[in-house]
């Protein structure tokens, strides 16, 4: 078999093993968030007294706080857990966390008050904070830089897929009847499937490219190790390295990406937590509002697949794709805010553009996954981005005001437009910073030549991109054919 054919076969095998598992797992994480939005039109607000009358005006502040509580728990836990994922067995830890989150989800049915729901959602945020950093780490370990954007996009697109199915499932559960309130059956269904899926993750995914298990041949194991070497993002991810932590704090790229993640996810307040209620305000019934969220999920998938294709098709294009992917969200916000609601289709189509905010977020994740080296630094980078993600979600929950319905939620759309414009500007700053770093690395590279053996030593020592000036190129891409030729250029037995 030729080197190119072997390489393609290996990538297909990795895709078959990982992508279905990661996609469904990430979708389940989104689904339990969507359940709260569906439950809001099936009685949870009334049962747990999540809305109040303040000075004669309906206030949804309690509902917003309950929604935000998840993200408070996430923020508290994400950085420590990202570091622990670096040191503990990755797959075993993730599968255990998935099972625990399923249990916490089911326990929602015993909650009887607003305060109880807040506590439950804080714990849910803590256990779910392991999933996103863990999946980014898995993607960066098993895929080369040029493959990562597409694969990140595939498993992240489950946010759109599950948005579509959640509407259908929750619609059915809402009509099923039973002794319990309809919203309680939604949480039981979600939690039970999550627990089962945790065991699937434990059994189905190998721990790392260095211990891939029996599903890979000896020749494929050699290729896996060489892919890890040529990625030069570090093999030794199990030790905490203070020097890398300091470099992470000093790295301007990481702060820009964290702020972009926060700004992007402010949009989520209008889409996930309040989506059904916003559509209801266009003039649709509560059940229709749930069903009409389904096309929004399709828009999420389409946008993510498109940016993944473009990033793989055009070299060094991600910092240009990032601002372009923000434009549909801006257009959708303007359509709802300034458009007439006499014809319900206009604001509804504007709403369908909002879920495309997932596309710029995937671009940010892919930039981080392929441009940060060193186990400790990568863990901190992932933690910072997901802190930004949660800050955005918290803010997003407080930008929707029930008393602004007549003004078409003016404050909501102004906030989202400002945040997206910030991401557009930041993307060009990020490109400038990375271009300057590349120039510095190229200058250092001219001073010495790094051979293949140096690359292997670099990989085994888990140096960061700041220390590895000669070998690591920011936003670098290499063709698959080049990888295949390099991988099989030398015979080597796996350890």
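Along the chain as shown, residues are numbered 1 onward.
Using N, Cα and C of the backbone, Cβ positions are placed for all residues, glycine too.
Under the heading domain 'Major facilitator superfamily (MFS) profile', TrEMBL lists 18-437. Per TrEMBL, the feature transmembrane segment maps to 68-85, 97-116, 122-142, 154-173, 185-205, 254-278, 290-312, 319-337, 349-368, 380-401, 413-433.
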Using a Cβ cut-off of under 8 Å, list the residues of the same chain at least 6 residues beyond the transmembrane segment (380-401) that approach it.
60, 64-65, 67-68, 70-72, 74-75, 78-79, 82-83, 125, 129, 132-133, 136-137, 244-245, 248-249, 251, 254-255, 257-270, 273-274, 277-278, 361, 364-365, 368, 372, 409, 411-412, 415-416, 419
Using a cut-off of under 8 Å between C-beta atoms, tell me which stretch among 122-142, 154-173, 319-337, 349-368, 413-433 contacts the transmembrane segment (290-312) the most.
154-173
What average pLDDT does the predicted model assign to the domain 'Major facilitator superfamily (MFS) profile' (18-437)?
88
